[in-house]
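Asks: This structure is in C-alpha cells; I'll ask about it shortly.
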Amino acid sequence: MTIAIGQEKTRGGFDLVDDWLKRDRFVFVGWSGLLLFPCAYLAVGGWLTGTTFVTSWYTHGLASSYLEGCNFLTAAVSTPANSMGHSLLFLWGPEAQGDFTRWCQIGGLWAFIALHGSFGLIGFCLRQFEIARLVGLRPYNAIAFSGPIAVFVSVFLMYPLGQASWFFAPSLGVAAIFRFLLFLQGFHNWTLNPFHMMGVAGILGGALLCAIHGATVQNTLFEDGDAADTFRAFTPTQSEETYSMVTANRFWSQIFGVAFSNKRWLHFFMLFVPVTGLWTSAFGIVGLALNLRAYDFVSQELRAAEDPEFETFYTKIILXDEGIRSWMAAQDQPHENFIFPEEVLPRGNAL
C-alpha cells in the first residue's frame, strides 16, 4: 500500500480576494464590479450634482440647473467651453488649479461624467462576461451590449475628438440631446446618411421583431395547467416547452409564406438586427467626426438654383439645413461672434 502525504497548498492574497469578490450574495460584485460600481456611482452622482447646482452660463451662456429654474427635461450638464480644447480637465489640472467652483464653471463635470460613464458601461459589459463564464452561459449578452457602448463612445468621445473640442459633444440632458440632434442634421445632414438609415432600420426592426416574437409566444402558450391565468400554468423548472414552435411556424408561414424554422436562428436574428443597427450608426458618427459627407445630390442643387420652379424634397432638406446652420451657429457658439450677411441666409428655394 502506498500512502501519499501532500502538503496543503497555501492560498495567496489573490485567491482570498477572488473568493470574496465571487461570493454568492444578493448583488454579485466580481472583478468587473471593481470597475463598474465606482464608475457608475461617480457618473450618476456627478450628473445629479451638475443638473441640480451647476450653471452653463460660462460655457454656453445658458441656464441648465434646477437651481436656475430648469426642470427634468431642460436641465443638463453642459460640455466644456470651446477654449478648453480636448483637455481632460482634471480638477488639479492647469485649467481649474484645484478650485472646485472654477472646475464646474469651465465644464469639468461633463468630462468627469463622460469618462466615468464610458468605463462604467465597459464594466457592465465585463460583468455580463464574468457572470456568464461563472454559470456556464455563452457570452452573447455581453456581445450584444457592445452596441450601446459603441454608440455612447462614438457620440460622446469620438465625435468631439474629431471636432475642435469637447464643446461639440452632446451635453448630458434631454433637451440638450435634442439640440445635438438638430446640430448633426444642420451641419452633417445626418438623416440622409446611409449609416443613420441602417441604424434606424436596426433599432425599429429590433422593436418590431421583439413585438412579433412576444405576441407569437403568448399566442401559442400551452394550456398545461389548471391555474386561473397563463403565467401560473407552468413551472420555471419544467423540462417541457411551454409554447408551440410548430404552431408559430405554421401561423407565420401562412401570413408571410416564410417563417423561422428553429429557435436558434430566430433568436440570433433578434440579436443580430438591433446590434448591427447600433454598430452601423456608431460607424456613421465616427464618419461625422471626420466631417465625411454622404449623398450630396449636387445636380439637384444646381438645377434648383437656376430654376425657381424646380424643387425636390432633397433641396427642401438642404434649405432647412442652411437655416439650422445660420440660426444655430450664432446662438450655439456666441464666443465666435458669428454675423451672417443677409445674402447667405436661406430664402425660398434659391440656393
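Using N, Cα and C of the backbone, Cβ positions are placed for all residues, glycine too.
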Asks: Kindly point out the range from 80-100, 185-205, 206-226 that Swiss-Prot annotates with transmembrane segment.
Replies: 206-226
Asks: Which one of these stretches, 243-259, 277-293, shows up in Swiss-Prot as transmembrane segment?
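Replies: From Swiss-Prot, the annotated transmembrane segment range turns out to be 277-293.
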Asks: Do you know which of 39-59, 102-122 Swiss-Prot annotates as transmembrane segment?
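Replies: Of the candidate stretches, Swiss-Prot labels 39-59 as transmembrane segment.
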Asks: Cα-Cα, whole number of Å: His196 (chlorophyll a PD2 binding site) versus Asn141 (pheophytin a binding site)?
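Replies: With the alpha carbons as reference points, the distance is 24 Å.
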Asks: If you count every Cβ pair below 8 Å, which range out of 39-59, 123-139, 206-226, 277-293 shares the most with the transmembrane segment (151-164)?
Replies: 277-293
Asks: Could you check which of the binding-site residues (His116, His213, His267) sits closest to Asn141 (pheophytin a binding site), going Cα to Cα?
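Replies: For Asn141 (pheophytin a binding site), the spatially nearest of the binding-site residues is His267.
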Asks: Give me the long-range Cβ neighbours of Phe260 (plastoquinone binding site): same chain, 6+ apart, Cβ under 8 Å, in sequence order.
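Replies: Set apart from Phe260 (plastoquinone binding site) by at least 6 residues yet with Cβ under 8 Å, we have Asn249, Trp252, Leu266, Phe269.
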Asks: Other than its close neighbours in sequence, what residues sit by the transmembrane segment (206-226), given a CB gap under 8 Å and a spacing of at least six beyond its ends?
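Replies: Distant contacts of the transmembrane segment (206-226): 232-234, 240-245, 247-248, 251-252, 266, 269-270, 273-274, 277.
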